[in-house]
Every structure is written in C-alpha cells, then in structure tokens.
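> These came from Swiss-Prot, pasted as-is:
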type     : residues                       : note
BINDING  : 41, 42, 43, 44, 45, 46, 47, 48 : ATP binding site
DOMAIN   : 5-243                          : domain 'ABC transporter'
TRANSMEM : 273-293                        : transmembrane segment
TRANSMEM : 523-543                        : transmembrane segment
TRANSMEM : 576-596                        : transmembrane segment
TRANSMEM : 611-631                        : transmembrane segment
C-alpha cells in the first residue's frame with residue numbers, strides 16, 4: 001500500500017543568534033489513508049513543528065515530504081495553499097474561530113477560497129453543523145458558544161472542503177471531560193467515514209484511543225509501530241470541494257473580501273470614522289477648490305468679456321501716458337475707413353472723449369463725454385434700460401443726441417420715470433436724451449465717473465472741434481486669430497503713417513493672461529488640497545498597519561484553511577480602498593454642502609459639479625486607497641502562517 005503521507009529524513013532547524021537549533025532530527029514516517037494516528041511527546045519535543053510540516057504550513061529544512069506521491073518541495077506558495085485547501089482540515093486547541101463571524105460563516109471560510117458559490121457554501125455549512133449537533137447555533141458568534149461547541153464548529157470548518165486529512169492539534173486540551181468525550185467521538189466517526197485523522201497530544205488517554213501511537217522525543221521518533229494493514233471504512237469519504245476555475249475563485253474571493261472589509265469597518269465604527277476624516281477633508285478640499293475655483297475663474301473671465309472680447313484698441317502715442325503733442329493727432333477718420341475695409345474686421349468704432357459739465361435745471365455735474373458709433377454698446381456688452389443707441393442718420397448728421405449711463409440718470413433725473421426725450425446741456429451744447437445704457441455688474445466694482453455717449457461726429461465736430469480721434473476700437477471677426485489681426489492692423493497703420501506713432505491693446509491677450517494666472521492659482525490651491533489628501537492617505541496606511549498587527553492570527557487561520565497570499569493581499573487592499581471610497585463619497589457630499597452654502601452668499605457665482613469632477617474624485621479615492629493600502633496589504637500577505645497562528 002502506498003502511503004498517503006510520506007516523510008523521509010525530515011529535518012527542521014531555526015536560527016538562534018549565530019547558530020542553528022535543530023528541532024526535527026531526521027524524521028522518517030509513513031501515514032496511510034484511513035488511519036487514526038496519535039503523535040505524542042512532551043512540550044518542546046517537536047510534535048507541533050511536525051504537524052505544521054504535515055499540514056504544509058511549514059517546510060522542512062531538508063528531507064523529502066510527499067502528499068499522495070507529490071513532493072511538496074516542488075510546489076510554490078499558491079500550490080501549497082491549494083494542497084491545504086483540498087486535502088487538509090485543521091482543528092486547533094484554541095479553536096481559532098474568527099470572532100466577528102457567526103458559526104455558519106466560520107465554517108464557510110474554506111469554501112470561499114475554493115470558489116464555491118454562496119448558496120452551495122451555505123447548504124454545506126448548515127449540513128455539517130447539523131451533523132455535529134449545532135443546527136440551533138448557526139447564527140451564534142464564537143463568544144456565545146461553549147468550548148465544546150466552538151471545537152465542533154472548528155471540526156465542521158475542517159470538513160468544509162472534504163478534509164481528507166484531519167490534523168488535530170491538542171483538540172481536547174481546553175475542554176472539560178464531557179466535551180472531550182464528544183470531540184473524540186466525532187473524530188472516531190470521521191475515521192470510520194474514511195478520513196485520515198492525526199492527533200497531536202501530550203495526553204496519554206487521548207492518544208490511547210488512536211490505532212497507532214507515534215512518540216517523539218527531542219525531535220526524534222522513539223516509537224513508531226507499524227500501520228494496521230486493513231483499515232475499516234464503514235462509510236464513504238466526505239465529498240471533496242474542488243477548487244473552482246480561476247475566474248470563479250477570483251469573483252468569490254473578491255465578494256467575500258468586500259463583505260469582510262465592510263464587517264471590519266462596522267466593527268470599529270469610531271476608528272473607521274476618524275480614519276475616513278482625513279480622506280473626507282482631502283476629497284472635499286480638492287473637489288471644492290476645483291469647482292469653486294472654476295466658478296471664480298468663470299466670473300473673472302465673464303467680467304473681462306463684458307468689457308469687450310475679441311477687440312483691439314488703437315491709441316495714439318508710444319504707450320499709455322504718452323502725451324507728446326506730435327502724437328495726439330495720429331489717428332484720423334481716414335484710418336477708421338481703411339480699417340473698416342479689412343476682411344478680418346467685424347466693426348470699427350472710433351472714440352473721442354472729453355470731461356465736460358452736464359446741466360439739467362438746477363443740477364450741475366461733471367462727466368466724461370465720449371463720442372462713439374452705434375456699435376460701441378454691442379462691442380462692450382451693454383444693454384439699454386430705456387431707449388436705444390444712435391442710428392446711421394444721426395451719425396451722418398452730427399445729431400445732438402446723447403445716451404446716459406444709469407448713474408448719470410440718477411443724478412440728473414432722480415424722480416422721473418422716463419427720461420427719453422429730455423434735453424440736457426453737454427458742455428454748452430443742448431442734447432436730447434435717446435437712451436439709458438446699463439453696464440454689466442462687475443466683480444471689480446463700478447466706476448465712480450459719470451459717463452455719457454454722443455455720436456462721434458457730433459462730439460468731434462460740434463463739441464470739441466477736432467478732426468482726429470482719441471482711439472479706435474476694432475472688433476475682429478469670429479474665427480480669425482486675434483494676434484494675427486493685431487499684426488495686420490499694426491502693419492496697415494504703420495504703412496499709412498510712415499511710422500509707428502500709435503500702440504495697440506489686445507483684450508484677448510489680457511483674457512489669456514488672466515486665464516493662465518487663474519489656472520496657475522487654481523493648480524497651486526489644488527496642490528495644497530492634495531497635501532491634505534496625502535495626509536489622509538497616510539492615516540489610512542497607519543490604521544491598516546495596526547489592523548494587520550491586530551488581525552495577525554486571523555491571517556494565519558485564513559492561510560491554514562487555504563487562502564493564498566494573493567487572497568490576503570486582496571482582502572486588506574479592498575479594505576483600504578473601501579475606507580477611501582466611503583470617505584470620498586462623504587467628502588463629495590461635504591463639498592456639495594460647501595458649494596450650496598457659498599451659492600447662498602454669492603448668488604452671482606455659477607457653481608456646478610460636472611460628472612468629470614465627481615469621477616475624478618472617486619478615482620482619487622480609489623488611487624489613494626491602493627497607494628496607501630498596498631504596504632499594509634503586502635505585509636499581511638507576506639506573513640508566515642505558522643508565526644501568524646502562534647500570535648495572540
């Protein structure tokens with residue numbers, strides 16, 4: 001008969017300072033299918049180390065160990081996990097049940113890593129618990145069960161995937177005599193059903209119930225009777241749960257990891273909330289700064305556009321503040337006509353201006369009088385609350401008409417409901433009011449200077465008596481590059497004048513400068529907010545490292561029942577990501593509240609959340625969870641199952 005478990009010259013040593021301490025010294029042992037074997041020995045004899053090697057939790061330093069003819073030394077970590085999952089079931093002295101899971105959920109754990117569907121897992125767990133007399137305790141937590149009941153749950157867990165080989169480490173060590181008898185009776189039943197039962201104990205009475213007692217002393221076998229040739233197997237073996245395909249196993253493991261992550265968060269609500277707080281503040285800061293910053297930028301740009309966009313202003317002289325007399329008459333009406341003929345010009349509006357006194361009845365105020373064309377108001381985004389702008393007939397005829405701004409209207413006509421048709425004095429020239437222009441409210445504030453507008457022909461011919469222009473505003477056609485238009489305009493006037501006695505001011509250049517400046521400021525503020533997100537991520541990493549330390553034994557249990565290192569990595573990584581995702585969702589909610597509050601105090605701001613901003617926030621949460629959860633998850637996955645099980 002071929003042995004099920006075959007050990008040849010197994011040695012196991014551990015480093016102790018500069019030396020190696022040999023715990024197992026050339027163990028040679030054969031165990032056959034269906035046997036009930038007891039391994040006995042005093043504390044420190046090496047029996048627990050031997051059990052760990054038998055259960056593929058540990059590897060021998062030298063020697064050969066075969067399971068069903070397969071040399072375990074040739075297997076990688078995942079293959080060893082599969083071997084434990086499909087062939088071995090562990091029963092521990094201290095039960096090693098997961099305290100936050102019910103009895104039924106504890107029994108299900110091995111099948112989770114085998115990729116068994118939830119419905120099948122549930123039925124199998126209920127069947128095993130019913131067989132072991134715990135059908136009325138399926139929803140109980142370990143703390144609600146007696147020691148004997150916990151050990152029976154442990155046995156059911158060992159049988160979940162079939163449990164061809166049952167490894168029982170001091171299964172009765174923490175039980176009273178009655179519970180001890182119950183557990184031993186169950187082990188005998190398992191042996192009768194065809195399971196190979198290996199009991200590690202120091203109790204002679206427990207060992208005496210085995211068919212074969214192997215004694216180990218100081219790492220060497222001192223008694224090893226031959227195996228019984230015929231093993232009585234009354235019933236069939238347990239149905240073996242085969243490992244599912246890679247995809248099914250991944251999906252099952254992912255769902256279980258997600259469920260376990262949620263339970264872990266719910267078990268420590270205050271700590272979880274405090275951990276999330278950093279993520280909440282970080283995400284809320286990033287989203288709020290992006291959204292509110294964008295609203296502020298749009299407000300600034302809207303104010304600039306209200307002044308007039310896609311326009312180029314032409315002034316006489318070398319630059320602002322140049323009052324050299326030789327340049328004052330640089331711009332002529334012929335220049336205006338030449339500019340209007342260019343194919344890239346939508347309109348060209350001249351301007352002449354002078355500070356004058358305005359009088360109506362007994363009201364006398366100072367104002368800025370501006371001679372413009374009818375297109376001026378459209379170029380600068382102005383609307384009319386009363387009346388309208390000049391028409392071409394009024395421009396050609398130098399009509400004595402005037403448009404007031406709203407401030408001038410209030411000064412001259414504080415009690416009149418309609419001022420169109422009223423006559424005022426502009427300087428010494430009577431002029432009929434034909435409209436009241438409303439300038440767009442700007443976040444930069446309004447000018448305190450009273451302003452009126454007359455036809456440029458009237459202003460230059462009747463009021464000022466000059467033949468030159470103070471400035472020309474050129475509106476560029478849509479789709480034409482403003483910078484190129486500015487170059488062509490400069491070239492045109494330079495050729496006409498024979499020199500460059502003027503300068504230009506491009507509003508689009510100002511707009512681009514403002515856009516660049518606001519974008520830079522927004523980026524800087526976002527980077528500051530990202531720092532708070534990083535701090536929150538470090539908090540997540542810290543708590544996850546603490547969690548790994550606190551749950552070391554749980555990790556060992558999961559590895560013992562068949563979890564791979566990748567399963568453990570996935571478990572803790574999902575927990576970190578879940579913390580960050582929930583924190584991210586709360587952070588977005590907080591940023592919405594901040595935005596709505598600001599909207600109440602700043603009604604002119606258009607604060608909106610684009611789907612892209614929300615998507616980026618969730619991506620930030622996920623990436624934060626992955627980045628800062630990777631190290632703790634990797635540490636958990638690298639734990640040695642034997643060391644993990646030994647920790648309290």
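Every residue number used here counts from 1 along the chain in the order it is shown.
Cβ atoms here come from the backbone N, Cα and C positions, even for glycine.
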> Take the C-beta pairs under 8 A between the transmembrane segment (576-596) and each of 273-293, 523-543, 611-631. Which stretch has the highest count?
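So the stretch in question is 273-293.
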> Can you count the other CB atoms that lie within 10 A of the CB of residue 47 (ATP binding site)?
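There are 25 such Cβ atoms around residue 47 (ATP binding site).
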> Could you say whether, by DSSP, residue 48 (ATP binding site) belongs to a helix, a strand or a coil region?
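The three-state answer is helix.
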> Excluding the flanking five residues on each side, which residues at least 6 beyond the ends of the transmembrane segment (523-543) place their CB within less than 8 Å of a CB in that stretch?
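Distant contacts of the transmembrane segment (523-543): 271, 275, 277-283, 285-286, 288-290, 293, 576, 579-580, 583, 620, 624-625, 627-629, 631-632.
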> Using a 10 angstroms cut-off on Cβ to Cβ distances, just flag whichever of 43, 45, 46, 48 is the loneliest among these binding-site residues.
43
> Going by a 10 angstroms cut-off between Cβ atoms, which of the binding-site residues 41, 44 has the sparsest surroundings?
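Counting other Cβ atoms within 10 Å of each of the binding-site residues 41, 44, the minimum falls on 44.
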> By a simple count, how many Cβ atoms lie within 10 Å of the Cβ of residue 42 (ATP binding site), its own Cβ left out?
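So the number of other Cβ atoms within 10 Å of residue 42 (ATP binding site) is 12.
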